[in-house]
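What follows is a single structure, written as structure tokens, with notes after it.
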Amino acid sequence: MTLSSLGWDDFFAGAFQPFASENFLPARVALEHKHACVLLSARGEITATCTGRLLHETATRAALPAVGDWVAVRLRPESLASGAGVALVGDIHAVLPRRTAFTRRAVGDADAEQVLATNVDTVFLVTGLDRDFNLRRIERYLAVARASEAQPVVVLNKSDLHPDARGAEAEVRRITRTAPVVTLSAARGDGIAALAPWLVPGATVALLGSSGAGKSTLINRLLGKQRQDTGPLSHAMNKGRHTTTHRELLALPGGALVIDTPGLRELQLWGVDESAVAETFPEVAALAAECRFPDCTHQREPGCAVRAALDDGTLDPTRWASYEKLQREQAYAARRVDPVLARAERDRWKKIYQGQRARERIEGRWE
């Protein structure tokens, strides 16, 4: 196994330079446990833990090693003296800068970020063409994927379970705009070849989707063997049972790397800026640019192009509602981590409240 086959390139080589002369090895995180990581390197597989210094100096849990990360690891003396075939053990001293990162707000914690996958070139957003099919969820996944700076590809799985798979694909294409859409059946193998443009040697692809979308079945198909266990299909729910319980980096026979992730029961926004939401809803962004006032809130202002488009039917109200929801969530998440934005929001509502009180006093004088 070579570094280039693991996705190593000039970007990571440059970041590793400070460690090159200190007996460190570059390695990639393939599996993350609570207290240790399994790393892949040119020397083979390494089981490693973070040094106390790294744990102490790292500001947040999200900055510690995650699946897909490149790290600087130093082998322990017993591993340096061991011969071939002996398990290697080391210590992780640093996490190299991430080129991309797919994150979400940690479940049950409004102020914590959870890293799902890093250094990903392409994100396969897997959704099933069964009861899992949800256009609004796809919009949410697209916004988060675009914020990660990886290329999103919408994968519509279980085409054999939908009476009009091509019709469903057309619906998705209307909301994805520039993102590619691939329709396939991982169970039967139909359409798998359409994923080939993104599964090139050294490329890293992450599979993300809700529980039961068929990600494990798709990985088994790509691997050409039954490696990921899959749960039996619940005919009552028409939904596969979620079976992946951890994130893992796997090498495909053709040389690509794939990161499997557990099914996402929720995907709260984190680190998603306004541009990622706007890119997901380009028709809304284009209309907003035509409003009379640059700070138009698209509520009651005169000359609002968005309200006009909603009134005449040229803007889909379900798209607008989805845009508003994601925009509010994005703004809320930004305020949670930026005290300046939080203070500005408090000041804005203070002015609104003071204005309402002033109007009430004026109106009261005339009663």
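Just so it is clear, glycine is given a Cβ too, placed from its N, Cα and C backbone atoms.
Residues annotated as domain 'CP-type G' in Swiss-Prot, with sequence analysis given as evidence: 112-267.
Summarising the annotation, Swiss-Prot assigns GTP binding site to N157, K158, S159, D160, G209, S210, S211, G212, A213, G214, K215, S216, T217.
According to Swiss-Prot, the feature Zn(2+) binding site maps to C291, C296, H298, C304. Counting only same-chain residues at least 6 apart in sequence, those with a Cβ under 8 Å from the Cβ of C304 (Zn(2+) binding site) are C291, R292, C296, H298. DSSP assigns C304 (Zn(2+) binding site) to coil in the three-state reduction, outside any helix or strand.
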Fewest other Cβ within 10 angstroms of its own Cβ, chosen from the binding-site residues A213, C296: C296
Greatest C-beta neighbour count within 10 angstroms, which of the binding-site residues N157, S159, S211, T217: N157
Which listed residue (K215, H298) has most other Cβ within 10 Å, given these are binding-site residues: K215
Per-residue pLDDT averaged over the domain 'CP-type G' (112-267), given as an integer: 84
